[in-house]
Ligand code: ACO
């Protein structure tokens, strides 16, 4: 008998305010046509004053719990992936814990930028299979609008705010790739690439800072590393790309998503795409896409799903799971 971490609920939350590409034409020297053709993004959601990463995350967590038919009292742990926590400390995860009225269990943040949700899922899986927790809320939540330089056209048009959450529960499996739940994961990082994607502030500078990115360089690493990690986790699970029902990639740029699918030998009909409506929501983008893909009937029970992401660090990775 093998213990598996199985998805039993999924949900998301998006701030009410939608910002269309055209609005950027008034802020910086850009156009709807440039943003669409270079990134695939058409609009993104922007958090209202007073909304924070933890409030977005708590709303997504409530939606995932409702989907699973479970109460917060039944959850053992919260793992929240973010690079934009409300405060330097305490963790946004403990703030969600408080908002949900949970006074037991444990909660902590994971920071791996856009790869954060893949890291958080892998951590939750490890805790479930080793018996540390039976039911874990895994949340990706971000307010990137707060760290964007709104005068820098090369970055400000690309990002958005939002949150998504999964409830993972321990269930018994047979130990084969036919089991439901997380089947394999692959994590990587390479700190030599710090300068192509970073925030120029933080504790050492006494400022929050702004996101800085050499987009072309990040792009160059992305397709190759994403295809490699997806292949690696499939191999660990004893599966191949032919077994995939859905790829749910980090939603940064439609051209990266298309390039990675092509390298894996998959048609775009097997890829969940939300980048047009959400922009890049960093650690929130995969759970948001899982939630949308589930709600619109794409992802069904028993489907083999591969998630993959790359972000600042560089940090990248993938998870193979059967829904
Ligand atoms: N509007 C109009 N022109 C623009 C804009 C804009 N918003 N932004 C840049 N340009 C200009 C550039 O200045 C450049 O002009 P030049 O040729 O005169 O110098 C030209 O457009 C082309 O710029 P490139 O950077 O070469 O454009 P590219 O086709 O590479 O697209 C993009 C840029 C969208 C950023 C792309 O490189 C990309 O998506 N990179 C990856 C980003 C990513 O995946 N990030 C994920 C991780 S994010 C995280 O971890 C937080």
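Easy rule for this one: first residue shown is 1, then count along the chain.
Backbone N, Cα and C atoms are what each Cβ position is placed from, and that goes for glycine too.
Keep in mind that TrEMBL annotations are predicted by a computer and have not been checked by a curator.
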Completion exercise
TrEMBL record, region 'ACP-binding', of the ranges 241-245, 246-250, 251-255, 256-260 the matching one is 251-255
Practice task
Determine how many residues of the domain 'Beta-ketoacyl-[acyl-carrier-protein] synthase III C-terminal' (234-323) DSSP places in helix, in strand and in coil.
Solution key: 37 helix, 22 strand, 31 coil
Handout entry: Cβ neighbour count within 10 Å of residue 250 (active site)
Key = 33
Problem - Pairwise Cα distance for residue 250 (active site)/residue 114 (active site) [Å, integer] - result: 7
Practice task
Give the residue from the active-site residues 114, 280 that has the most other Cβ atoms within 10 Å of its Cβ, counting over every protein chain displayed.
Solution key: 114
